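**Student:** Okay, handing you the structure first.
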Amino acid sequence: MTKPENFPVFLKGIHIQGFKSFADAVKLELGQGLSVIVGPNGSGKSNVADAVRWVLGEQSAKSLRGSKMEDVIFSGSTQRRPVGMAEVSLIFDNTTGIFPLDFRELTITRRVYRDGEGQYLINKAACRLKDIQELFMDTGAGKEGFSIIGQGRVEEILTLKSEERRSLIEEAAGITKYRSRKREALKRLDATTLNLERINDIVQEIEGQLTPLAAQAQVAEQSLALMQEQKRLEILGVVQDISEVKQKLLKAGQDFGNLQASALEAQATVGLKEAQSLQLKDELQGLDTLLQQKQERVFQSEQALNSLKHDQNLRKERFNYFDEQTDRLTQEINGDEERVKLLQERIKTLVAKQAILNHTVEETRRKVADQEQKLSGIRENTLAKDIEGLKADLFQALTEQANCSNELTGTRHTLASLEQDIFRIEQEQELKNKENESLLATSADQERELNQLVIQAQATEKEELEHRAELNKLKALGIERAKDLQKQRTLSDQARARLHALQSLEDSLEGYQRGVREVMLAKKKGLKDCQGLCGTVADLITVEEKYELAVETALGAGMQNVIAENEHSAKRAIAYLKAHQLGRVTFLPLDVIQGNRMSVSKVVAQDEGYIGLAVDLITYNNSYLPAMEFLLGRIVVVTDMEAATRIARASGYKLRIVTFEGDQVYPGGSLSGGSIQRKGGNLLGRSREIETLRISLGKMEKDLTQKERECLANDQRLREQQEILESLGLKLRNQQELQVKLRAQHENVLSQLRRLAGDLLGLRQRCKEAITQKDELTLRLTSLTESMGTAERTSADLREAYNHRESEAKIVAEEIETYTEKLTQEKIQLAKWEQELTQCMEQLSQERKGVRESELNLAEKKQRKADIEQTRWSVEQELESLSQQLAKHSKAQENQQYELMQSRQAREGLSSRVLELDQELHSIRQEARTLEQRLHAHEIRVVRWETECEAALNRLSEEFSLTWEEGMLYQTDEDRTVLWKRVQEIKRQIEELGPINQAAIEEYPKILKRREFMLAQQEDLIEANQTLRQLISELDKTMSERFTESFKAVNEAFQEVFKELFDGGHAELQLVDPELILETGVEIIAQPPGKKPQLLSLLSGGERALTAIAILFALLRVKPSPFCILDEIEASLDDANVQRFAQYIHRLSHSTQFIVVSHRKGTMESADVLYGITMEESGVSKLLSVKLDGRGERPESA
């Protein structure tokens, strides 16, 4: 069996404990080549693939062949108890840096407990599922890729329709995310289109309302002018009515029973309407509170939106900063690449020079050999031989001298160059060290400042949370206090209105007959004729509230009797009344009035229902005793009607008896009783109520002032808290901005420090090598200097001997000298060329070393650039996420604005209803007051006309806000009939105008403003619609291009894999409708060897399965994975096809790590490592491993 070539193992091991049938800890140590997991059916071998899928983040229990996630935990067997936790770990090799983490080995772990709690870990450090998903992103591994292929994928390909089969190509093309974006864009487009249609409908509706509303507003203004004229004429009519009524004050009255019933009914209606009004006002207050809450939510939403925009701006700044860094590194990389190219050119030049020098050296050596051969004949002569010996020795000495001189010159030159290099390196080191120290100091300062900023930001956040909690408390307290204040104001206003009404009644003596009012007003004015009057009976007595109704009933009309000091005073008042025709009054002169107090029998006094005589139940000045006894001295007050009838029988029906409820028993046995509608302004209780109201109102005013102060103080604290929060928010944002900027600056400094560390390390190494070389050259220079001196002395001695011998044999010597000098010159030249060749080789070595250093520096900068680009990509992802959050918050804010608008509209509607009800209540109250006035006027003829006059005056005051004196200014001599006809004409004109929409005057400008707003919204939606359509078009284009490219690549790979698996034949993928690239289906056409092309569905079962496997391998080739787990995908193949399948994946295992779950013999024979899964113990899987080497086997227990 052929062993695979060495390649980095990606998945080094799988550790399983408590997962499904693996109750005990199991470790699969994976290596190079093909690993096969075998075992009988039901032994749990597929649980290994499920374990890997589970660790990689699978969240579907169904995909793991379970019903819920707890099913993956070992549930026990007949001999074992269930375990409480399942844990699986995958160990990955990261020496190639496929994962963006600084670890050579990476362990991914997932745990789950029976209570549902789970954990993800990376190298035993807790993390999120998202971290693991991002870790495997773009690695080709992961649960979404083709790293795990089960038999279900084969079945899926066989059963999918052509339209569904395109999803495989889409998965390989990676366009799923684009489809998701398109679906989201289509949803947004539908929503935008729907909103645009709504806006169009609203605009059309508003356009339809504008014209009729303008006409209605014009009609309403005409109606308003007519009604004002009608009001003027009606005032004239009222003034004339008052004048006529004043002439009819002596006319007789008539029965007022019907009027009394109407008045009672009107009062009941008023009570009902008041209750309705209070209920609607409570609802209005509730709506105000809800409106305030919604406004607060809108404000908070705007703050969140602004915060997101601020974060987006910060990310953009960081993104731009990384762009600048990338550009700078790109420029540096380009400069380094140019330097490498320049060095490589110099190397090429030196290599060429070296070749030339090698050729020159060889040529010179050949010439030296020729010269030496020519001298060989001359050396046979003894003298010649001696001279030749001296010549040779001299030549050798001169050669050594020349070599030493050349080498000495080269060494000195090289030594000077090295000293300059060392000096430059040391200078560069010094600069780099200074820069490093500066950067270290800057980094430390930045870290300290960053830590301080983090602490300050945390403190600011904590302070902000505290102040926000305080703000929420203050808001809740403010709402509660506002409610209390509004309630207190309502009560205070009601009490003040009641007091004002009662005081007005009291001041105008409302409820008294005309004569009584006139004489009492005359007394107040100081008229002499009325100065002897003490006051009315009702004013001069005080009654407890519980006795009021009884005493009021007992007094009857006697309450309006006027007590006079003496008979003379009474006569003068009567004369005044007669003289001015002001009505009649009953006077009680104290000097002549006789009290008539009766004695109560013992039987009556002992009755449990007996209270006392009426005169004893009131408080008054003792001087008024005769008058009080005259009125109340013979009237008995009891608790109820039962006591009254009982006491009446006991007294022989001789007493007048009154109950607390106002029922009466008269002497003789007649009874009077029933319900009594007591008016708020009853004469007896009015003064008491006024005093009570004054006291209550004073207390209410104090409480109101206190509550207003509390509300103002709370509002002030609320504003202070809001200002503090705004200040803290600004401070926190500034701190966060500073943190982001400082982190970016700190990261830049750290990057520079890493670069400097690499540069300094290179410089130190270069300096060390240069110093070592310098020391060697210095020693060599000393040695060469000594050798040079020795060679010079030797050559001088030999030259002297040579000159001496030369004089003996000039002829021979001249010839020898000629050849010797030529030979010497050639050898000197040879030594020069050899020295130059040596220097060229050394320079070539230095240049190559410079290229290596430049390439290392270039690689480091490219790595830094890649790191920055990765960080830039992360920032870009954050920007995209922020954009999505901004869109989501913007949509939420629009919804909140819409809800706020609806609440405001609801409040306006409810406010209109309250206003209408108040107007109706006002009208009903006016009607009730008119009825009461008419009822009072009909008691007697004079009172009837007087009340009518007062009703007219009230109308003048209430309807037209005019006094009688002011109304007299309107009086003219116009005929009443003419006035009436003119009023009727105006009414007819108003009727001709038709239904009047008074609100149109205010609604028309509001509708215009709303139309402008809606048109602006319409433009925004049209623009958004166009933007979304453009986005969808771009997504369609991108998906079409990626799908077309991936389809072509998968088709080509499928054709190649099909031929390999079928040992020939042809197959291809075809698009059903190439014109519709985004929807077209994908058909599989296969032609096994010796057969005609046909669809996948027409092939035999084995051919179909092998074709499906070929497609999966083609997809895996287009979208490769560092490791691949195959779970019994060849189960349906026959033995021959299994052999081809096994041979194919064995070839692939040279570049991709395969773990195959199988029980087929052919697959097992191809394995490099076999793992056996058995169930020696029922329900518990156990692992055995066998490493195969040729035919040798070594079983291991895992």
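The backbone N, Cα and C atoms fix where each Cβ goes, glycine too.
I grabbed these lines from TrEMBL:
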- PRO40, ASN41, GLY42, SER43, GLY44, LYS45, SER46, ASN47: ATP binding site (BINDING)
- 277-381: coiled coil (COILED)
- 415-477: coiled coil (COILED)
- 531-648: domain 'SMC hinge' (DOMAIN)
- 690-738: coiled coil (COILED)
- 816-948: coiled coil (COILED)
- 1014-1041: coiled coil (COILED)
**Student:** State which of the following binding-site residues has the fewest other Cβ atoms within 10 Å around its Cβ: ASN41, SER43, SER46, ASN47.
**Tutor:** ASN41
**Student:** Who are the chain neighbours of the coiled coil (1014-1041) in space, where the CB to CB distance is under 8 Å and they lie at least 6 residues beyond its ends?
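**Tutor:** Same-chain contacts beyond the flanks: 173, 175, 178-179, 181-182, 185-186, 188-189, 192-193, 195-196, 199-200, 202-203, 206, 1077-1078.
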**Student:** Starting from the Cβ centroid of PRO40, ASN41, GLY42, SER43, GLY44, LYS45, SER46, ASN47, which together make up the recorded ATP site, report each further residue of the same chain whose Cβ lies within 8 Å of that point, ordered by sequence.
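**Tutor:** What remains near the Cβ centre is SER21, GLY39, ILE1173, MET1175, SER1181.
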**Student:** Let me spell it out: for each of the binding-site residues (PRO40, GLY42, GLY44), count the other Cβ atoms within 10 Å of that residue's Cβ, using every protein chain shown. Which one has the most?
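**Tutor:** For the binding-site residues PRO40, GLY42, GLY44, the Cβ with the most other Cβ atoms within 10 Å is GLY44.
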**Student:** Provide the three-state secondary structure of SER43 (ATP binding site) computed with DSSP.
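**Tutor:** Looking at the DSSP assignment, SER43 (ATP binding site) belongs to neither helix nor strand, so coil.
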**Student:** Tell me the residue counts in helix, strand and coil for the domain 'SMC hinge' (531-648), as DSSP assigns them.
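**Tutor:** Each residue of the domain 'SMC hinge' (531-648) counted once, the result is 61 helix, 22 strand, 35 coil.
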**Student:** Provide the number of Cβ atoms within 10 Å of the Cβ of LYS45 (ATP binding site), excluding the reference atom itself.
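**Tutor:** Taking every protein chain into account, the count is 25.
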**Student:** On average, what pLDDT score does this prediction assign to the coiled coil (1014-1041)?
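**Tutor:** Across the residues of the coiled coil (1014-1041) the model's pLDDT averages 84 on the 0 to 100 scale.
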